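> Before anything else, here's the structure in question.
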Amino acid sequence: MQLNSTEISELIKQRIAQFNVVSEAHNEGTIVSVSDGIIRVHGLADVMQGEMISLPGNRYAIALNLERDSVGAVVMGPYADLAEGMKVKCTGRILEVPVGRGLLGRVVNTLGAPIDGKGALDHDGFSAVEAIAPGVIERQSVDEPVQTGYKSVDAMIPIGRGQRELIIGDRQTGKTALAIDAIINQRDSGIKCVYVAIGQKASTISNVVRKLEEHGALENTIVVVATASESAALQYLAPYAGCAMGEYFRDRGEDALIIYDDLSKQAVAYRQISLLLRRPPGREAYPGDVFYLHSRLLERASRVNADYVEAFTKGEVKGKTGSLTALPIIETQAGDVSAFVPTNVISITDGQIFLESNLFNAGIRPAVNPGISVSRVGGAAQTKIMKKLSGGIRTALAQYRELAAFSQFASDLDDATRKQLSHGQKVTELLKQKQYAPMSVAQQSLVLFAAERGYLEDVELSKVGSFEAALLAYADREHGELLQQIDQTGAYNDEIEGKFKGILDTFKATQSW
């Protein structure tokens with residue numbers, strides 16, 4: 001069989017076309033040192049800041065220090081078996097976590113892996129933990145409320161959808177309790193919740209999850225956990241992972257609420273990583289970029305306009321705005337709000353709820369100090385009825401505090417001052433609320449109306465709590481439709497005012513408290 005030159009060249013071309021070589025270009029490096037969860041790698045020339053580096057044993061590290069002759073990376077997970085000379089590879093990917101509705105009702109770790117024993121996650125894809133916050137043009141002003149269910153917060157320090165409201169106070173002052181009750185109160189509001197637990201005991205987190213389940217709020221919540229026993233890297237990254245999960249709902253025209261419990265521990269974890277990476281320390285040994293650590297996280301909580309949502313969903317969702325509301329928690333030492341991290345976060349957020357240990361120990365719970373607690377944008381989001389009825393509460397408390405301090409030195413007080421002191425004491429008593437007992441807008445409005453219009457004047461101070469409970473039970477039993485109407489509309493007019501007067505007059509006549 002003879003082949004001419006044309007056939008030979010055709011056969012060679014066919015063979016070349018059929019020849020299939022799979023080649024992957026890996027930027028490979030060598031570990032030169034391992035200590036305290038930090039590895040130094042030589043040879044990763046093309047690595048990006050924040051890139052995942054693949055380690056032996058299906059583990060990853062994140063590149064944080066890019067130096068001339070080596071890369072400093074923090075290991076996510078156990079590192080005891082890593083040694084000098086081991087080979088590592090670039091992945092070309094930034095850290096991503098699973099996102100989607102399938103995560104609701106689940107407990108996951110920083111990397112999005114389930115840790116609740118309920119099987120694999122049903123997710124809608126992955127999202128990078130680090131994302132650029134929406135720009136100025138893509139945002140919309142805050143004008144819808146997030147009801148926490150607490151009278152003192154919803155009346156005096158209202159929170160709006162898309163707001164960042166700091167919860168700050170010493171340890172054991174009820175910060176987590178306030179945040180958990182805010183989640184429980186969203187059961188029927190349509191707001192999806194994310195609870196990020198940073199550096200807490202596993203037993204504490206277990207109690208929180210159980211309480212959410214008992215009150216029917218877990219099915220609406222994603223719990224992201226980085227316990228105290230986990231590495232500093234996972235504690236530092238947990239808030240960003242939770243934020244990415246919350247942004248999934250915001251970008252699709254829905255409302256979400258995220259709790260960071262707490263950012264003080266995240267800052268400590270980041271300080272540990274930075275010092276081990278030999279970055280220069282600053283005030284209180286924190287690195288220079290600790291402000292940026294929190295600002296880039298909290299700026300992602302926002303209210304985005306309908307154009308942003310439509311562009312993101314490629315026209316699938318039209319005419320809907322989305323929001324991510326953040327409630328970061330900061331723990332202070334002996335009430336010192338002028339420390340480095342507290343002042344940073346106060347300057348980033350749109351207001352703060354300050355909880356005081358003195359008030360907490362005096363039995364005033366939630367222990368909100370109305371003097372230095374403020375909401376800078378929430379007032380625009382308050383419902384009409386709450387705005388109308390809550391105006392006098394803050395003033396009454398401020399006057400009461402001033403007079404109470406003055407009255408300690410005065411032996412005889414005139415009737416007007418006595419009356420004001422009595423009113424202030426009763427309002428303070430009225431704002432007390434038990435844990436896991438959030439109140440609806442209508443219930444809060446009725447109670448505030450009673451305080452505002454002087455219905456508590458002839459009620460003994462010790463009977464204020466039982467008066468409130470009996471009033472709400474009576475209103476719910478006899479005027480349930482009116483309360484439902486107020487919850488749905490939030491409106492306030494002469495007709496509702498007249499009905500409230502009628503309810504209180506009839507109830508006071510019964511003397512059943």
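Numbering starts at 1 and runs along the chain as it is shown here.
Placement of Cβ uses the backbone N, Cα and C atoms for every residue, glycine included.
Per Swiss-Prot, ATP binding site is recorded for Gly169, Asp170, Arg171, Gln172, Thr173, Gly174, Lys175, Thr176, and the stated evidence type is sequence analysis. For Ser373, the entry in Swiss-Prot reads site 'Required for activity', with the evidence type sequence analysis.
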> Rank the recorded positions Gln172, Thr173, Thr176, Ser373 by the number of other Cβ atoms within 10 Å of each Cβ and report the first-ranked residue.
Thr173
> When a 10 Å sphere is centred on the Cβ of Arg171 (ATP binding site), how many other Cβ atoms does it contain?
11
> What does the structure give for the C-alpha distance between Asp170 (ATP binding site) and Ser373 (site 'Required for activity')? Integer Å is fine.
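Each residue's Cα considered, Asp170 (ATP binding site) and Ser373 (site 'Required for activity') end up 15 Å apart.
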> With H, G and I counted as helix, E and B as strand and the rest as coil, say where DSSP puts Thr176 (ATP binding site).
helix
> Starting from the Cβ of Asp170 (ATP binding site), draw a 10 Å sphere and report how many other Cβ atoms land inside it.
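Within a 10 Å radius of the Cβ of Asp170 (ATP binding site) lie 18 other Cβ atoms.
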> State the count of C-beta atoms found within 10 angstroms of the C-beta of Gly169 (ATP binding site), not counting that atom itself.
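Counting Cβ neighbours of Gly169 (ATP binding site) within 10 Å gives 27.
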> Give me the non-local Cβ neighbours of Lys175 (ATP binding site): same chain, 6+ apart in sequence, Cβ-Cβ under 8 Å, ordered along the sequence.
Ile167, Ile168, Gly169, Asp261, Asp262, Ile329, Glu331, Leu355
> Same chain only, sequence gap of 6 or more: which residues have a CB within under 8 Å of the CB of Gly174 (ATP binding site)?
Leu355, Phe360, Arg365, Pro366, Ala367, Gln435
> Any idea what the Cα distance is from Arg171 (ATP binding site) over to Ser373 (site 'Required for activity'), rounded to a whole Å?
17
